[in-house]
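Enquirer: Take a look at the following structure, please.
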Amino acid sequence: MSKEFNVPPVVFPSGGNPGPSATIQRRPTAPFQPNPSPNPIPFMSFDIGPSTTSFPAPQFGSSNSLTNFDDEPPLLEELGINTKQIWTKTTSILNPFRSSNPNLHDDADLSGPVLCLIMFGLFQLLAGKIHFGIILGWVTVSALFLYVVFNMLAGRNGNLDLYRCVSLIGYCMLPMVILSALSLFLPQGGVVIFGVAAIFVIWSSRVCTRLLVQVARWDEHRGLVAYGCFLIYTLFSLLVVF
């Protein structure tokens with residue numbers, strides 16, 4: 001079924017049918033012009049020119065208003081690190097037979113113990129042993145063990161806190177540091193190093209027991225406290241020997 005389409009007739013200016021060479025002329029059409037809007041959008045004009053705003057010049061105070069850095073405390077003092085006190089505590093460990101000031105270790109700190117532990121680990125590293133994690137773990141377990149045992153023995157008279165336990169165990173690691181340094185020049189697995197290690201273990205145990213009794217002001221069951229300290233430093237000496 002065919003469908004018809006309405007086609008408008010084509011009109012040529014010369015009339016008749018166009019030949020093959022005839023050209024089709026079209027009238028030029030005007031460009032598209034939008035209808036003017038009844039409410040045109042207003043535009044703001046900006047005048048970009050030299051700014052007349054003046055900013056005041058920076059005023060620098062006199063030398064009296066500036067911060068006087070000479071009055072500032074040293075950096076170590078601001079961090080709570082007293083180097084003189086650390087040195088005094090360290091030298092008190094060197095003589096196991098001389099009783100030090102009982103009030104010296106009342107002010108516990110961790111700067112000296114951390115330094116001793118780092119030195120102990122570095123000497124072990126020079127011997128080809130990486131024991132930093134073991135040292136940190138054993139110090140933590142030893143402090144908890146000594147804290148629990150001492151306060152159970154002292155009962156109501158026990159006033160030793162965990163922070164002081166860590167501080168005392170760390171400072172009493174100084175003989176173990178010396179042992180670790182000497183082990184670099186001693187034959188491993190011989191009788192000599194076992195004998196030297198036993199001397200340094202007794203040294204650390206004696207000093208730690210004396211300091212615990214002085215700090216806690218409690219002198220009963222001293223033998224049990226010394227036995228606990230002996231076990232702690234025996235474990236550290238095994239790291240050096242083996």
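The backbone N, Cα and C atoms fix where each Cβ goes, glycine too.
Any TrEMBL annotation is an automated prediction that lacks curation.
Sharing the feature lines straight out of TrEMBL:
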REGION    1-36  region 'Disordered'
DOMAIN    115-241  domain 'Yip1'
TRANSMEM  132-150  transmembrane segment
TRANSMEM  162-185  transmembrane segment
TRANSMEM  191-212  transmembrane segment
TRANSMEM  224-241  transmembrane segment
Enquirer: Using DSSP, what's the helix, strand and coil tally for the domain 'Yip1' (115-241)?
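Expert: Across the domain 'Yip1' (115-241), the residues distribute as 103 helix, 0 strand, 24 coil.
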Enquirer: Over the span of the domain 'Yip1' (115-241), how high is the average pLDDT in this prediction?
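Expert: Computed over the domain 'Yip1' (115-241), the mean pLDDT is 92 on the 0 to 100 scale.
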